[in-house]
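What Swiss-Prot says about this one:
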- Tyr26: active site, proton acceptor (ACT_SITE)
- His101: active site, proton donor (ACT_SITE)
- Asn75, His81, Asp88, Leu102, Ser103, Arg112: substrate binding site (BINDING)
- Arg21: site 'Transition state stabilizer' (SITE)
Amino acid sequence: MSSQPKILLVNGPNLNLLGRREPGHYGHHTLEQIVDDLKQSATQAGIQLDHIQSNAEHLLIEAIHNSDADMVIINPAAFTHTSVALRDALLGVAIPFIEVHLSNVHSREPFRHHSYFSDKAIGVICGLGAQGYQFALQAAIARIHAAEKQG
């Protein structure tokens, strides 16, 4: 583990449009608001939170490859249903991860029901809007603190 525990937050394509893109599915919070709230919560817990959002798959993969995080929180967005490469990046670095989705992907179009990540994630949170990120952060912090006590 790094000297200060670290979480990498990864947000996939189109999440830069949060707050104005289909608010019925994704809510009214902007990505900036979500990330700012998460950083504040992480700092209070003594955790460094690094963030990347990109519409480019290769940039997300490189961020994962280059990370020394203890945990990853990922909203792969549309890559959820298509990206073996992003899945392989997470498996390749062997950093535990939590998958998050703002909307309930299981109540939407059938193509959104399959995830290339869920079977490898330590947990999946979907349908709870921006609050789902906070739940994922709290779970990640708890796992990091438990690992610190053990080792």
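Positions of Cβ are set from backbone N, Cα and C atoms, glycine also.
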Legend entry - For Leu102 (substrate binding site), the number of other Cβ atoms found within 10 Å of its own Cβ: 24
Legend entry - DSSP state at Ser103 (substrate binding site), helix/strand/coil: coil
Legend entry - Those residues of the chain, 6+ apart, with a Cβ under 8 Å from that of Asn75 (substrate binding site): Val10, Asn11, Gly12, Leu15, Glu99, Val100, His101, Leu102, Tyr133
Legend entry - Cβ-Cβ distance under 8 Å to Asp88 (substrate binding site), same chain, at least six residues away: none
Inset, instruction - Mind giving me a neighbour count for Ser103 (substrate binding site)? Other Cβ atoms within 10 Å of its Cβ, every protein chain shown. - result: 18
Inset, instruction - Note down the number of other Cβ atoms within 10 Å of the Cβ of His101 (active site, proton donor), including every protein chain shown. - result: 25
Inset, instruction - Please classify the secondary structure at Asn75 (substrate binding site) using three-state DSSP. - result: strand
Inset, instruction - Measure the Cβ-based neighbour count of His81 (substrate binding site), defined as the other Cβ atoms within 10 Å of its Cβ. - result: 16
